[in-house]
């Protein structure tokens, strides 16, 4: 059967206008050369919806009924690593045959999409509880309390090691031009280990750890770099030192050294990098260094120190200013890793 031609908007409008003048459907049909049944349908639509425009069509019925949707939502909520194939099999056992594409479309309509699972620090139950305990104990600390903390940590910087995607503007077929590529080598081309510190007032010293660090070397680093950083940043006399629970940091000799220097140390939960805002500064540093396109380790050390010193004090201040948000996120996430 041939598809009938759709009436124009003008014709539909004339049908309504003639109807409002009191003319019958058959009279209107004869006058405009339109079937009486079509005229009637146009008039009924106008009376019901106050328009003669085409209404949104419902389309084909969903292949997965509401009961099936609820089932797959329960499944992915309980186990987010469930594959589309698993869901296809589950529905097939329930009497519904669909494809993987249908599964994807159904989940997307429910606001669920497939994403790469983020790699995070492994937290054992004891770590989760310590994480949560720290957040709860410090929720009432003021912004001034956090401004009084000197944050510290170590990090490794690869010569060609940043993993973020870099975009370039280029013409077609010029993807291999040296200007449009990022040089890489196996195993990152070498790396250096750094120790650094910062407070709300700005970055402290950043130094390269040239040998494998032990307790004695760590105490030497603190002696030569921590205290000078405190003085340079004009920290208050009541300042607090933060470092993690690395064995070198918690060794008895290190604790004794800290005690002799009368340094107050922030009690720190293990496996909690997301609680240390210096992690954000390490990321900032690595992005800045990657832009410099270095070729050797000697240059890497020099540029790291330069770029560390260039990080604005406002960046440091903002990281500390929003510290309570980190604690709120830990509590909201019940002690598990947060977005920070």
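Just so you know, glycine gets a Cβ as well, placed from its N, Cα and C.
Here's what TrEMBL has on this protein:
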DOMAIN    1-52  domain 'Sleeping Beauty transposase HTH'
DOMAIN    71-140  domain 'Transposase Tc1-like'
DOMAIN    149-300  domain 'Tc1-like transposase DDE'
Counts of helix, strand and coil residues, the domain 'Sleeping Beauty transposase HTH' (1-52), according to DSSP: 34 helix, 0 strand, 18 coil
Counts of helix, strand and coil residues, the domain 'Transposase Tc1-like' (71-140), according to DSSP: 42 helix, 0 strand, 28 coil
